[in-house]
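Heads up: the structure comes next, in structure tokens.
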Amino acid sequence: MQTSEREGSGPELSPSVMPEAPLESPPFPTKSPAFDLFNLVLSYKRLEIYLEPLKDAGDGVRYLLRWQMPLCSLLTCLGLNVLFLTLNEGAWYSVGALMISVPALLGYLQEVCRARLPDSELMRRKYHSVRQEDLQRGRLSRPEAVAEVKSFLIQLEAFLSRLCCTCEAAYRVLHWENPVVSSQFYGALLGTVCMLYLLPLCWVLTLLNSTLFLGNVEFFRVVSEYRASLQQRMNPKQEEHAFESPPPPDVGGKDGLMDSTPALTPTEDLTPGSVEEAEEAEPDEEFKDAIEETHLVVLEDDEGAPCPAEDELALQDNGFLSKNEVLRSKVSRLTERLRKRYPTNNFGNCTGCSATFSVLKKRRSCSNCGNSFCSRCCSFKVPKSSMGATAPEAQRETVFVCASCNQTLSK
């Protein structure tokens, strides 16, 4: 009987339940609102406008802390220290009230005295959403909107990168990845707590202000510049004498004059080969060959000074010589000249610091005097034109010279 009742009740209940199911079922989910990137950019621009006074104040503080105007920064530092040490509690309350009332008065005057533009004038003067009225009532064109979106994404990416770097640095300090930095950080915190407990608040503020102004790198830069200028004013004669008189060469008779290699002719000023070839060729003979070959190429391109008269007459008398033989004679003559000019320092030591040349300590030849130096002592670059080269490429191409030759050529 029970089963029959259940079977009978099944079809009776189903008609009553089925019509109520659609009424009790939840409505179909509505489509989620689409994300509008341009509205996000407009909100960001409005936020920039609202925070513009704070940004200007931060720029002013950074301008003072970086000592862009040393006198103004010094007066600000001293004035704040005097205020921190002399003002009592009542004076501080007065300063707080003044700091509240002055911005309020300025904002009221700005709002009252500002001219309100109509919509037509605003649309005519519209430009890249700079003011708040432009953002609220003006409409941007498609190129302007795309430019705003791109600028926003670039700024957002830079901000997130800086934030990630800051968080990583904080985690490194907190996790003691660098014990020195972490110990300094926690030591500074403990020192600050002790200072707040032991010293009065006015002295704490004075120390903090002095640290911000006098403890940065820009302050030491300004001090070093003023010290250098003061020394130059106190002894200008010594400075001029140091610049005007180069170090005298070693005079040891005729041999000493030959070794000192005096001022070179324009033909000899066309310097030897490139630095790469000089560094790759370790033995002396390979180094000389690289100098000779590249020197010949530079001479042919630059059309240097003519050969001596005797050589020219000999070439004219031998009219049957071909171009290859003429070139061969020039090669032999310039090779002999370069070998005479090659420095006497063939023992593998740097002329400047006396370091021994090795696989790691490469030999480098000064393109002006020809002496052998290491890469550290011969690291000054000068254009070939300063050495007398007249080719158009000489204005762009540079060669390595030693310190003394660099001072001589740069005058």
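The backbone N, Cα and C atoms fix where each Cβ goes, and this holds for glycine too.
The DSSP secondary structure for Cys374 (Zn(2+) 1 binding site) is strand. Around the Cβ of Cys374 (Zn(2+) 1 binding site), the same chain contributes Cys350, Gly352, Cys353, Ala355, Phe357, Lys361, Lys362, Arg363, Arg364, each under 8 angstroms and 6 or more positions distant in sequence. Here Swiss-Prot flags Cys350, Cys353, Cys374, Cys377 as Zn(2+) 1 binding site, drawing on sequence analysis.
Counting every protein chain shown, the number of other Cβ atoms lying within 10 Å of the Cβ of Cys405 (Zn(2+) 2 binding site) is 20. The Zn(2+) 2 binding site annotation in Swiss-Prot covers Cys366, Cys369, Cys402, Cys405 and is backed by sequence analysis.
Feature annotation from Swiss-Prot assigns compositional bias 'Acidic residues' to 276-286.
Residues or ranges marked as intramembrane segment in Swiss-Prot: 188-208.
The feature region 'Disordered' is assigned by Swiss-Prot to 1-27 (among others).
Taken from Swiss-Prot, the feature region 'Sufficient for homooligomerization' applies to 1-92, supported by experimental evidence.
Look at Swiss-Prot and you will find 234-286 (among others) tagged as region 'Disordered'.
Swiss-Prot lists 271-361 with the feature region 'Necessary for interaction with KIF5A'. In the predicted model, the region 'Necessary for interaction with KIF5A' (271-361) has a mean pLDDT of 53.
Per Swiss-Prot, topological domain 'Cytoplasmic' is recorded for 1-66 (among others).
Residues or ranges marked as topological domain 'Cytoplasmic' by Swiss-Prot on the basis of experimental evidence: 110-187 (among others).
Marked as topological domain 'Cytoplasmic' by Swiss-Prot on the basis of experimental evidence: 209-411 (among others).
The list of residues near the transmembrane segment (67-87) in space but at least 6 beyond its ends in sequence, with Cβ under 8 angstroms from a Cβ of it, reads 95, 202-203, 205-206, 209-210, 213-214, 218-219, 221-222, 226. Taken from Swiss-Prot, the feature transmembrane segment applies to 67-87 (among others), supported by sequence analysis.
Residues or ranges marked as transmembrane segment by Swiss-Prot on the basis of sequence analysis: 89-109 (among others).
The zinc finger feature in Swiss-Prot is assigned to 344-410; the stated evidence is sequence analysis.
Cα separation, Cys377 (Zn(2+) 1 binding site) to Cys402 (Zn(2+) 2 binding site), rounded: 6 Å.
The Zn(2+) 2 site, placed at the center of the C-beta atoms of Cys366, Cys369, Cys402, Cys405, has further neighbours from the same chain whose C-beta lies within 8 angstroms: Ser367, Asn368, Gly370, Asn371, Phe373, Cys378, Val401, Ala403, Ser404, Asn406. Neighbours of the Zn(2+) 1 site: apart from Cys350, Cys353, Cys374, Cys377, residues of the same chain with C-beta atoms within 8 angstroms of the site's C-beta centroid are Thr351, Gly352, Ser354, Ala355, Phe373, Ser375, Arg376, Cys378. Working note on the binding-site residues Cys366, Cys369, Cys377: by count of other C-beta atoms within 10 Å of each C-beta, Cys366 ranks first. Of all the binding-site residues listed (Cys350, Cys353, Cys402), Cys353 has the fewest other CB atoms within 10 A of its CB.
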